[in-house]
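Residues annotated as transmembrane segment in Swiss-Prot, with sequence analysis given as evidence: 43-63, 70-89, 150-170, 188-208, 230-250.
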Amino acid sequence: MLQIELQKWIQRFSSTIRLFFRLLIRLKTIKVNTNNLVEQIYIVGPGSLNITLLTACFISMVFTMQIAKEFLYLDAASAIGAVIVIAFTRELSPVLTAVIIAGKIGSSFTAEIATMETTEQIDALYLLNTNPIDYLVFPKVASCFLMLPILSIISLTASIAISLFVAFVMYDIPSSVFLKSAFNALSISDFLICLEKSMFFAIIIGFISCQWGLTSNGGAKGVGNSTTSSVVTILFTVFITDFVLSYFMFQTTGSSIAQANNI
């Protein structure tokens, strides 16, 4: 049973890669449904803003409490802002946003397309001379690619603001000390890394969620299984991709805190 499931998963994942190249080949000739694209952009962007901000705020509160407490014990208050902002910019904001979108949007995309596949609506698109890649896949992938970096930046901004507030109110760390430490440690490349990671994650979420929906079978039960498997696969792939990107992006760089303090 496990072997059969593994074989099916490998087939689906390989078909996701093929879908990626099929879409690349069709980019120049693709027929974009503007209304559909705008609708998907709204679903991914403004439709996910509340949960993104809520998650960013509470995660930043907890993270700031843990970091500030330990660094104050080490008499390193001047490094608190740098550590928190670097962590959110390079890792936490893009990854947490991707996790939220995977759970909220990825599952929705898979369930929608899987239901269409089960009820033979995909076949109806072919009869209407409409390519499912143009009508279904491209708007969903494009909306993720456009909105996930924006959501990550919004999440990052909210996280920094909440961390600044918590550090000042709960631990009496002056805002000037926090911000000076943060801005001395940050560089433009850190923001670019945040955006680059978000773009990679957006592609993963878009293609896996769509392909898992297109390959769904087994009626209502199959829709549920495909949705669950889609989210698990997206998260698994996002975490592996994050590790690989971080390894190559930061392996040769020095300490940002040391550079900020001219050590």
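Each Cβ is built from the backbone N, Cα and C atoms, and glycine gets one as well.
Distant neighbours of the transmembrane segment (230-250): 9, 12-13, 90-91, 94-95, 98-99, 102-103, 106-107, 110, 193, 196-197, 200-201, 204-205, 208-209, 212-213; these residues of the same chain sit at least 6 beyond its ends, with a Cβ under 8 Å from one of its Cβ atoms. Within its own chain, the transmembrane segment (43-63) is flanked in space by residues 84, 87-88, 92-93, 96-97, 100-101, 104-105, 108, 143-144, 146-148, 150-151, 154-156, 158-160, 162-163, 166, which lie at least six positions past its ends and keep a Cβ under 8 Å from the stretch.
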